[in-house]
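Engineer: So Swiss-Prot lists the following for this protein:
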BINDING   Lys26, Gly99, Arg127, Gln172, Arg347, Arg388, Lys413  phosphoenolpyruvate binding site
BINDING   Lys26, Ser27, Arg31, Ser170, Ser171, Gln172, Ser199, Glu314, His343  3-phosphoshikimate binding site
ACT_SITE  Glu314  active site, proton acceptor
Amino acid sequence: MDGVSNWPAPSTPTPVHATLTIPGSKSQTNRALVLAALATPQGTSTISGALRSRDTDLMIGALQTLGFDVESAGTDSDLRVGGGLGPAAGARVDCGLAGTVLRFLPPVAALSTETVEFDGDEQARARPIAPLLAGLQALGVRIDGDGLPFRVRGEGSVAGGTVEIDASASSQFVSGLMLSGALFRDGLTIVHTGESVPSAPHVAMTVSMLRDAGVEVDDTKTNRWTVRPGPVAARHWTIEPDLSNAVPFLSAGVVSGGAVRITGWPAVSTQPAGAIMAILEKVGAVVRQTESYLEVQGTRQYQGFDVDLHDVGELTPAVAALAAVATPGAVSRLRGVAHLRGHETDRLAALSAEINGLGGQCEETDDGLVITAAPLHGGVWHSYADHRMAMAGAIVGLRTPGVEIEDIATTAKTLPEFPQMWADMLAGQTATDPEAGA
């Protein structure tokens, strides 16, 4: 990538021992921001522990474009949301590469009385959005286009009712419609018609947060969600640490045979905490959870594993990195993630290319990857402007001297502090590993 320097990924021959605090959850932050905006007729909402990253700043900017007031309340991670829906004529929402902005805000714009244009990064134009737009059109919303850039022609209200959509490409189609559904005149019933919805825990998170905002949601029937019409309550939101962003750091404990502790790990969460712990246990790690932290103690040598990541697809790059540096010859199978071909990049093709480019053995399957661990060598690990690809490269680099991450700054999408946090974690560790890959 022109103008982008490579980041030398640190490697270490000694166990990593560290205690870290991870910034707030992107998924919770952006849902709380949308719900706080929709609650403005009832009053001002506040958010504490909000993540500040490119994705959340894009959401803040987009809500401001739609007329809402979003401002810091003492610190960058404490926010106040007020004002009201009222975009100016010619308003344009910049989605960047944020799927939550792309999919959560068209239904909000449909409630306005203006035409709002949506556009984003060039890569975002390849991200799936047509099923959501078709769903809105079926509900009577006027939309020009079926992908970025597109225009939502707001008419001040949305009738609501029942809509059928195929959300097999992204659970955000369901979440995006549900978040605004209570403000549709007749509420909203969503019927999913395709194959299984990926990342189902994120839909459950949306349902939980809607209920926390006083919205009545019925999700008792499989592939059917009903949101009753009514106000969204103004309230205070407390954001948990981003557990997905904790995984690369926990993985450092695994691949180095060390121990990494994450403080503030929630005892109960709508994030996929249980899935993360189960995956780490599959690679032989000892996982210990208390009321105040999660600690993972790893073993530098571990065997392959078989894991279905359909519900936690965002973990795939980190899990693939763990598989790539397992005991040479160990075979791992990652399944259920065909939908990753439509994420920030085609993550399956990208992971295969990068692991193989460093001497590994990675093959794509219809719905995932088969990785046979092999001694790796140094080289450039391309990020594809994908934050999770960059983080995965850092995991590989811990065991492989000479790995350079192209565009480490792309981690700013969800964790701007990543390079410094990674360095802090490794403070005092030897920077080279002459026996890496052995």
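Backbone N, Cα and C atoms are what each Cβ position is placed from, and that goes for glycine too.
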Engineer: Using the structure shown, find which entry in Lys26, Lys413 (the binding-site residues) has the sparsest Cβ neighbourhood within 10 Å.
Structural biologist: Lys413
Engineer: Counting Cβ atoms within 10 Å across all protein chains shown, which of the binding-site residues Arg31, Arg388 comes out on top?
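Structural biologist: Per the Cβ count within 10 Å, the most buried is Arg388.
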Engineer: Counting distance between Cα atoms, which of the recorded positions Ser171, Ser199, Glu314 is nearest Lys26 (phosphoenolpyruvate binding site)?
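Structural biologist: Considering only the listed recorded positions, the nearest one is Glu314.
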Engineer: Would you work out the biggest C-alpha to C-alpha distance among Lys26, Gly99, Arg127, Gln172, Arg347, Arg388, Lys413, the residues that bind phosphoenolpyruvate according to the record, and give it in angstrom as a whole number?
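Structural biologist: Across Lys26, Gly99, Arg127, Gln172, Arg347, Arg388, Lys413, the widest Cα separation comes out at 19 Å.
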Engineer: Given the recorded positions Arg31, Ser171, Ser199, Glu314, find the one whose Cα is closest in space to the Cα of Arg127 (phosphoenolpyruvate binding site).
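Structural biologist: Checking each of Arg31, Ser171, Ser199, Glu314 against Arg127 (phosphoenolpyruvate binding site), the shortest Cα distance is to Ser171.
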Engineer: Mind giving me a neighbour count for Gly99 (phosphoenolpyruvate binding site)? Other Cβ atoms within 10 Å of its Cβ, every protein chain shown.
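Structural biologist: The answer is 23 other Cβ atoms.
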Engineer: Please report the Cα separation of Glu314 (active site, proton acceptor) and Ser171 (3-phosphoshikimate binding site) in Å, rounded to an integer.
Structural biologist: 12
Engineer: Would you mind checking how many other C-beta atoms are within 10 angstroms of the C-beta on Ser199 (3-phosphoshikimate binding site)?
Structural biologist: 24
Engineer: Give me the CA-CA distance between Lys413 (phosphoenolpyruvate binding site) and Arg31 (3-phosphoshikimate binding site), in Å, as a whole number.
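Structural biologist: Distance (Cα to Cα, whole Å): 16 Å.
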Engineer: Find the shortest Cα-Cα separation between Ser199 (3-phosphoshikimate binding site) and the binding-site residues Gly99, Gln172, Arg347, Arg388, and name the residue that gives it.
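Structural biologist: Closest recorded candidate to Ser199 (3-phosphoshikimate binding site) by Cα: Gln172.
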Engineer: Provide the number of Cβ atoms within 10 Å of the Cβ of Arg127 (phosphoenolpyruvate binding site), excluding the reference atom itself.
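Structural biologist: By my count, 23.
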Engineer: With a 10 Å radius around each C-beta, find which of these recorded positions (Gln172, Glu314) has the fewest other C-beta atoms nearby.
Structural biologist: Glu314
Engineer: Between Arg347 (phosphoenolpyruvate binding site) and Arg31 (3-phosphoshikimate binding site), how far is it from one CA atom to the other, in Å?
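Structural biologist: Rounded to the nearest whole number, the Cα-Cα distance is 24 Å.
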